[in-house]
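Asks: Have a look at this one.
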Amino acid sequence: MAAATAADVAEDTASVYSGKLTLYVFLTCGVAATGGLIIGYDIGISGGVTSMDTFLGKFFPSVLHQEQTAQGTSQYCKFNSQPLTAFTSSLYLAALVASFFVASFTRALGRKWSMFGGGVSFLAGATLNGAARNVAMLIVGRILLGIGVAFCGLSTPIYLSEMAPPRLRGMLNIGLQLMITVGIFSANLVNYGAAKIRGGWGWRVSLGLAAAPACVIAVGSLFLPDSPSSLINRGRHEQARRVLRRIRGTDEVDDEYGDLIAAASEIEVYSGCSARRRPWRDVLQRRYRPQLAMAVLIPFFQQLTGINVIMFYAPVLFKTIGLGGDASLMSAVITGLVNIVATFVSIATVDSLGRRKLLFQGGCQMLVSQVIIGTLIGVVFGTSGDGNISRALAVCIVVFICVYVAGFAWSWGPLGVLLPSEIFPLEVRPAGQSISVAVNMLCTFAVAEAFLPMLCHMRFGLFYFFSGWVLVMTLFVSAFLPETKGVPIEKMTVVWRTHWFWGRFYCNQDADAHVQVANSKV
C-alpha cells in the first residue's frame, strides 16, 4: 500500500474531524492574536521616534547635529550612529536571550500564562521608556520590551496553531500577523500626531502608548483557555477534552482527541518516557532535522528580505531620499496601511492556495520591487550620495516600496510566523518555536545593527543585496518546502516522511519505533 501523502491526510481529516469555526474559537484566537500588537507597535514606533528632532536632541544630540549639517555630504550616511542603532536593536538582543528561557516556561505552565507574562513585561518596558530621563532608562526599557516580545512571539503562534481547526489553521494563525500590521500602522499614526505636539515631548507619547497593546494582551490572556495540546502535554486529559468540545462546537471530538493523545504517545515511543524532561536535547535528534532546518532557515530568510529596513527606518529612509519630516512620516503611514490590506489577502488565500504558492509569488514581487527601488535611488544619488530627488521620483519610490511591502505582507510576513509554529511535534514544539524565535531575533538584531552602516557604505547597492537573498529564498522554497495546508499538526510528520529530500531522515525511524513498541509489550 502506498504511503499517504500530505494531501491525502488533509482530505481524510476534512471528512473525519467534526466541528466548525465556532464563534468561541474565533474570539479566542482573536484575543490571543492581539499579542501581535506589541510586536508591531514596537516595529513601527522605533523608526518614527528616531526621526523626531526633539527625541534626537535629548538622547542623541550628535546624530541631530550630523543630520542638520549633512548638507553637501552623503545622504546615505547622515543617520549613521552606533548609539542610535543600539537603542533600536537592544530589544531584539534581549528577546534572543529570553526566548531560550521562555520555552521551558511555556511548556511547564501553558501558552496562556506565557502570553500574560509577555504583556506584563511589555507594559513595564513601555512605562520606563515613556518616562525616560537618560539613555540608560531607554535601554533598560527596551530590554523589558524585548522580554515581552519573546514571550508573545513564542507562545502566541503555537497557541493559534493548536486551537484552530486544521482546515482553517492558516487563516486564524495569520490573525497574529494582521495584528502586527495593525500595530505598525497604529504606531505610524501615533508618530505622525506626536511629532506635531508642541513642547518637544511628543516622543514620550509614542513610547508610552506601547502600554495600551500590552494591557490588551495581558488582560485578554486571563480569559483564555489553554490549548488542548498543552493540557495533554501536562497530563490534564479530561480538561483537554472539554476545551476541545467547546472550541469545535460539538461533542464528536473523539477522532481529533485520539490523534492528539496518539501524537503525545508517539513521542514516548520514539524517545522514551524521559523525553518529557529533555525537549532541548530531543529537538536535535535526526528525526526532527527537517523541522529544525525550517525553524532556522525560515526566520533567517524572512529577516533577509529586508522588510525591517523598511519598517524600522521608514521615516528615516524617506528623509534620506529627500522627503521632509512630515512627508516621511505620512509615507510610513501609507506603507503601514498597505501592509494591513495585503495581510487580508493572505488570510483569504492561505488555506486554499497553500503556503508554497504564496511564498513563491511574494518572493518574485519583492525581488522585482527591490531591484527597481535600488536602481531609482542609484540614479539620483549615485555612489557619492550627493543630489536632490524630485517629488515625482520620490513618489515613484514610495509606490514601489508599497508594492514590496504588499508582497511581503501576503507571503513571507505571515507565513514566516505560521510555518515554524505548525511543523513540530507536541513534545518539542515550544523548544522548536523557541529556536525559531531566537533565530528571528538574532537576524533582526543583526539587520537593525547593520542597516545604517550598510546604507552608508553600500549605498543603493543595499537593496540589491537584499534582493539577492530574496532570490535565494524563493528558489529554496520551490525545492525544499513541503505543502502543509489542511494537515493537522498532530499528523504533520507525514509531510516530511513523503518529501523527496526530507524523507531520507525517516528511513530507519519507523523500524526503530516498531522495535520499541514490541519491547514495551514484552
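Here, residue 1 is simply the first one shown, and the rest follow in order.
Glycine residues also receive a Cβ, built from the backbone N, Cα and C atoms like all the rest.
For 28-485, the entry in TrEMBL reads domain 'Major facilitator superfamily (MFS) profile'. What TrEMBL records for 21-41, 84-106, 138-160, 172-195, 201-224, 292-316, 328-350, 362-383, 389-413, 434-455, 461-481 is transmembrane segment.
Describe the structural context of each listed feature in the structure shown, including burial, neighbouring residues and relevant distances.
Replies: In the predicted model, the domain 'Major facilitator superfamily (MFS) profile' (28-485) has a mean pLDDT of 84.
Beyond its flanks by at least six residues, the transmembrane segment (21-41) meets 115, 118-119, 122, 145, 148-149, 152-153, 155-156, 159-160, 163-165, 168, 172, 175-187, 209-210, 213-214, 216-217, 220-221, 223-225, 246-249 of its own chain at Cβ-Cβ distances under 8 Å.
Note on the transmembrane segment (84-106): residues 42, 46-47, 50, 56, 59-60, 63, 113-114, 117, 135, 138-139, 142-147, 149-151, 153-155, 158, 279-280, 312, 430-431, 433-434, 437-438, 441-442, 444-445, 448-449, 451-453 of its chain, located 6 or more positions outside it, place their CB under 8 angstroms from a CB of the stretch.
Residues 29, 32-33, 35-36, 38-39, 42, 59, 86-87, 90-96, 98-99, 102-103, 105-106, 111-112, 114-115, 117-129, 132, 169, 172-173, 175-176, 207, 210, 214, 217, 224, 227, 230, 417-418, 420-421, 429-430, 433-434, 437, 440-441 of the same chain, all 6+ positions outside the transmembrane segment (138-160), place their C-beta atoms under 8 angstroms from a C-beta of that stretch.
Away from its own ends, the transmembrane segment (201-224) comes close to residues 28, 31-32, 34-35, 37-38, 41-42, 45, 48-49, 52, 54-55, 58, 112-113, 115-116, 118-120, 122-123, 125-127, 129-132, 141, 145, 148, 152, 159, 183, 186-187, 190-191, 193-195 of its chain (Cβ-Cβ under 8 Å, at least six residues beyond either end).
Beyond the ends of the transmembrane segment (328-350), by six or more residues, the same chain brings 44, 47-48, 51, 170-171, 174-175, 177-178, 181-182, 184-185, 187-189, 191-192, 195, 310-311, 314-319, 358, 398, 401-402, 405-411, 413-415, 418, 485 to within a C-beta distance below 8 angstroms of the stretch.
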Asks: Any chance you could find the range in 172-195, 362-383, 434-455, 461-481 with the most Cβ pairs under 8 Å to the transmembrane segment (389-413)?
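Replies: Between the candidates 172-195, 362-383, 434-455, 461-481, the best contact partner of the transmembrane segment (389-413) is 362-383.
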Asks: At a threshold of under 8 Å on Cβ distances, which of 172-195, 434-455, 461-481 pairs most often with the transmembrane segment (362-383)?
Replies: 461-481
Asks: Mind checking which residues reach the transmembrane segment (172-195)? Cβ under 8 Å, same chain, six or more beyond either end.
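Replies: Result: 25-26, 29-30, 32-45, 48-49, 51-52, 156-157, 160-161, 163-164, 202-203, 205-206, 209, 213, 311, 314-315, 325-326, 329-330, 332-333, 335-337, 339-340, 343-344, 346-347, 350, 409, 413-414, 417-418, 421-422.
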